[in-house]
Structures are given as C-alpha cells and as structure tokens.
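TrEMBL annotations:
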TRANSMEM  20-40  transmembrane segment
TRANSMEM  81-99  transmembrane segment
TRANSMEM  111-137  transmembrane segment
TRANSMEM  149-170  transmembrane segment
TRANSMEM  182-200  transmembrane segment
TRANSMEM  303-328  transmembrane segment
TRANSMEM  340-359  transmembrane segment
TRANSMEM  371-390  transmembrane segment
TRANSMEM  396-416  transmembrane segment
TRANSMEM  437-458  transmembrane segment
TRANSMEM  491-510  transmembrane segment
Amino acid sequence: MSPEIGAAFFPNESSQDQLLYTMLIFSMSFLLHPLGALIFGEIADNGQLNSSVLTLMSLHPRSPPSNQESRISRNLNRTRALLLSFVFALLPTLILVILPDYNMIGKSSQYLLVSLRILQGIAVGGQSPGCHVLAVATSKFQNRGFRGSLCHATATFGYLLANVVVLIVRHVDAEGDWTGRWRVPFFVSILFLLPMIVWLRGIVNSTEEELTALYVQHHGENGDEDDSSLSADTIQDITLNTYDNSTSALENLASAHRRTHKRSSDFFTNLMYRRKERALERKKNKTAAVRIIFKDNSLTQKLVGHVLTVAVLTASFNLLVIFVPLYISEMTEIITTRMASVWTFITLLWYILVVLTAGRWNDRNPPRIQGIVLGMLGVISATPLMLLSIETRVPSTIFFAMIVHAAVLAFGYSGCASWQVEIWRKHPRVTYTGVALGHNISGCFFGGTLPVLGLFFANKRINNYCEKWNVSLMECYEAMSENHFFPLYSLGFYVMALGVASLTAILFIAHHPKTARFLNVDEKYEFFISDNKATPAKLPAEVEMTTKFAAPSQQISNVAVKNKKNSLDFAPDKSVSPRSPQSLRAARKVVTEFFLMNHPRKLKDVDKLLKKFEGKHEMLFDKLTKKYKLKPDHFDEAFKRSYNSSSFVLI
C-alpha cells in the first residue's frame, strides 16, 4: 500500500516522490531494529524470574539449579521477551489504524507516522530473532533445520497475507474512491497480534508452573532434608549462602565440618574456590549481554561474520518482494499495480514451499552450511539475470526470473535461521542478543536500505533526463525502454558484492562450531568441538553444559579435519580381530563416552589406557568395571552396540 500511504501523507508531491518518501519512512523502522534487539535481548539473556519460582529458589538454595532447570529458565526469559515485543508492537499498530492523514492535521500527520514506525521498528527488532531462538533451542537435532525454516516461512507468510489483503481491498475499491483503504492491512495485523499475545502468555504461565514443579521435585518444597545425609557439596552450598561475605566465618566452619569431611583442608579449598566462582558468576550476570559480546574478541568476530553472512540474503529478499514489484508497476508501468500484487503473491507462495522443502533437505544432508553456501551462489547468479530481464520489458520473462530468484534465495534462507542460532548456542548468556543483533544490523544496513537506494537513484536519473529533454514522464519512460538509460546493473553489482562478502564471512569469519555426534542404538550424544575443546550435550534434551575441558580424543578433531566427510560410518566385519581398526574405534568410543559422562576430569587418561591395552579391550573393560564397581556386562553391551552400529557424524 505504499502508493496509497504516499498519497495520504504527501499529497503535494509527485507520485515518484510520494513513493520515495513512503519507502524512506518505512525503512527508518529498519534503523531501529538493532535498538529493539538490544532491549529485548537484554530481557531474554539477563532477565530475572519475577515469579513464585524465584521466591521458592531463594528460600532454600541448597544446591545450584540443574541443567534442566537452567534450560527451562532461559527459555522462560526468552518467551517473556518475545511476548513483550508483541505487546510493544500492538499499541503503535492500533494508533496507525486511526491516524489522521495530511488533509486532516497537516504535517503533524507525517511526524506521527514517523514516530509510530520508529516504535514498530523497535518492537520488531525482538520478534523474528526471538522466534528463531526459541524454535531452534527447543528442537531436536533431527528437525532443527526444518523448524528454523518454518519460522522464516511463517514470517514470509505475513508478507503473503498482507499482499492478499491489499489485493482484496484494491479489488473492492477498484476506482480508488476510499482514501483510507491503506488502514485495512494494519487492522488485519491486529487480529493476528491479539491471539499471538494470548498464546505466548499461556506458554509463559505453563513454563513457570513447570519450573516450579521441577524445583520442588528436585529440592523439596521447603528444602528440608535429613542433615545426617548431607554431602560435602551440599554443606558447601549452605555455607556459601549463609557466610558468603565472611572469610573468617568460612574458615571456622571449614574446621567445624572436620567430622563430615575427613580432610578439612580440601573442604576449605573447594569452598573458597566455589566462592570465587560464585562471585565471578554474579559479576558476569550483572554485565549487559552486549558488553559481553564486544569485550570478547571472538564474540565480536562472530557478530561481524553473522552480519555479513545474512547481508546478501536480506538484501535479495527486499529486492525481490519490495523493489522489483514497485519498479515494474509504479515507475515503469510494465504491468499494472494489481498484476504486480498477483505476481508477488505467487512468488511468495512458491518461496514458502521451497523454504520448507529445503529446510527438510538440510536436516537430511548435513552440514547445514552447504545449503546456505549453495543458496548464496544461486543468488549471486540469479540477481543480475532478474534485473536484466526487467530491461527487456517482457512480462513473462520478468515473472520467470522472479520465480527462479525466489527458489535459490529460499534455498539459502532455509538453513540460515537455524545457523544463526547454532553459532551463538555455545554462549547461552548472549544467545538471544547475539542472534537479534546480527539479524537486525544486517537488515538495517543492507536489507532495509536497498529498496530506498534503488528508488532514489531511479527517480534522480529519470527526473534529470525529463528536465534535460523537456519531455513528460511517460515519454521519458518510453525513451528509457529504448535506450536503457537507467540500467539496473548497478543494483546487480551491489548484490553480487554482498554475495562475495557473505560467502567470505560464513566460510572464514563466523566460526560455526563443528558438531560431532556419536549415534548409538540407545543413547545419542552431541559434542561441540571448537578450538580443541568439547562441550557435551545429551540428546534430545539439548542440555547445554558450561563445563569446558580438553577434547575427549584428539582423534575426533583429526577425523573431522582430515576426512572432511558428512558421515563416517564404521560398518565392522564380525570376522575381524580385536586389533582391527573397527574394533579399536569402537573401544575408543565406548571408553570416551564413559569418562565423558561420568568422570570428565579423567578424560586425559583415555589415550593412555587405550595405548596400554591396545587390542586387549576386554581386559580394559574388566579393569574399569572392577575399579568403578559397575555391572559385569556394562562395557560388553556398550561395546556390542558401538561395534554393530557405530557412526561418527560431522555436521
């Protein structure tokens, strides 16, 4: 509805200037998206539980929250931030529906329109990234790409719905007598905002109840336990919560607990170490998420890579959905405005179908980065061809070029939503802020500005030639079609340059943590391998552990680097000897998983044990079974599973 809005708020300007001013005002909202990312990102990453959960946990904090409790708490804060962003977007949208136009209150209407679009821009800054974070963080590995593509498809469905509303309004009011028809899309958006707010509020309430029940289950409603069964760790927790600021009191209590813990010196050492850790954690929690990002060089590099990676995708999307339909209908009049809306509807519908299909393909064909790279290469090739097709002024050629461009762009965008979350997922303290900042800064500088730049240069060049030749606007357009005096090659070169920058960023700047997965019949583990360190998570719970330690086996990273294969399936032959490579790999996997999940501090001994018992894994299993008092067949069953269905997947 850009022409209608321009006519309502800038009636004294030419049609081209009306369109340009309207696009400029709507692009201003993109400039405020990063501010919304900072606000709602801080609420999500550094928010406090202001419910009964916080009260219950503060009464008897005998032990730190479990991994599951921490994960649910993070998702609760993220959902609350997403809810607030929708509520914040509701008010300016309501006012836009009843906003007086220029004929009623003059220039004040223009200022009000700009102010409301600024408020909407701040609210939108936390919506789309928040949906991506929640969808990917709560999904399983097997459908992470599809759920990310589903989020992007849902956002694109908003464009599709708006296009349908515009088509209906223009069909009903074909003569254009109703000057307020531009208000209808904003009114329809309110009808979708209200149910979304109610639904998110229900999720927040249910999550709070789940977290409360989980805490009561783990710690007891009143925290009362038998003091005789308290372990040293529990005593340390109680001591820290009571005497956290008194070193002398800690020393006295450490000696008083000599009977509970035989070596008081060890108890005191652990106590003081945990006290220092807790102080650092409190200091870290008070630090804004954006400061954490910019104080850490690796996180800053990740943010820059994130912004550049998304640049070509967001610019190409706005080029396809906003600039091209306006240019071929309002400026060059190759087709009518109604036909441009129909083309946009078909293109968006095709785009959504390809996004969902490609998202499923990305899940079945890891690594996910390869789909994004292929999509970027397609965009670099398809964008100049689409712009060249406009120069031909043949409608069928232009429409076909738009369909091809939408397909390759959808293929690149299908894995981008999950990729954005995955590169920040190792840092749960700044995940929401990192995703929102990277997504919105890219949209601000590259996506939102592209239609404005295109229309500005087109208007400037057309008006200059009209004055120079002293001809009317229509005669100028006819001369343009014959002489191609306004080539769209400049926009094509701009998008191609962004594509090269995005490819460089995703391959060399934004370090995506390689994810190695051990797949067994009964258990599935996931390891994030980056800088020779691994962070484990048991699937499908997707528990993010903060403990960092040396990689369980250097062979893991060696296999990932040397083979560079998506899947390394070990299909051992039953006739091979215990010294065969398949048997040794299975033994290494079993022992590594055992120490990783039970004794992570002893992972450094894995290679030493395997070397000592090379080819004699049965003796090694017997020794470990006796040492750690396990079931006699513990390692035998694990080895059989690993031997028969062992695989190592790099994603």
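Just so it is clear, glycine is given a Cβ too, placed from its N, Cα and C backbone atoms.
The transmembrane segment (303-328) and the transmembrane segment (182-200) are not in contact, since fewer than 3 Cβ pairs between them lie under 8 Å (pairs 6 or more apart in sequence). In summary, the transmembrane segment (396-416) does not lie against the transmembrane segment (20-40): fewer than three C-beta pairs, each 6 or more positions apart in sequence, are under 8 Å. Contacts between the transmembrane segment (437-458) and the transmembrane segment (491-510): present, as 3 or more C-beta pairs lie under 8 angstroms, all at sequence separation of six or more.
Beyond its flanks by at least six residues, the transmembrane segment (182-200) meets 1, 4-5, 8, 79, 82-83, 86-87, 89-90, 93-94, 96-99, 158, 161-162, 165-166, 169 of its own chain at Cβ-Cβ distances under 8 Å.
Only residues 6 or more beyond the boundaries of the transmembrane segment (20-40), in the same chain, are considered here, and those with a CB under 8 A from a CB of the stretch are 2-3, 5-6, 9-10, 13, 81-82, 84-85, 113-114, 117-118, 120-126, 129-130, 290, 322, 326, 432-433, 436-437, 439-441, 443-444, 447-449, 451-452, 455-456, 459. Sequence-remote contacts of a segment are chain residues at least 6 beyond its ends whose Cβ falls under 8 Å from one of its Cβ atoms, and for the transmembrane segment (81-99) they are 36, 40-41, 43-44, 47, 109, 112-113, 116-117, 119-120, 122-127, 130-131, 134, 183, 186-187, 189-190, 193-194, 196-197, 200-201, 204, 432.
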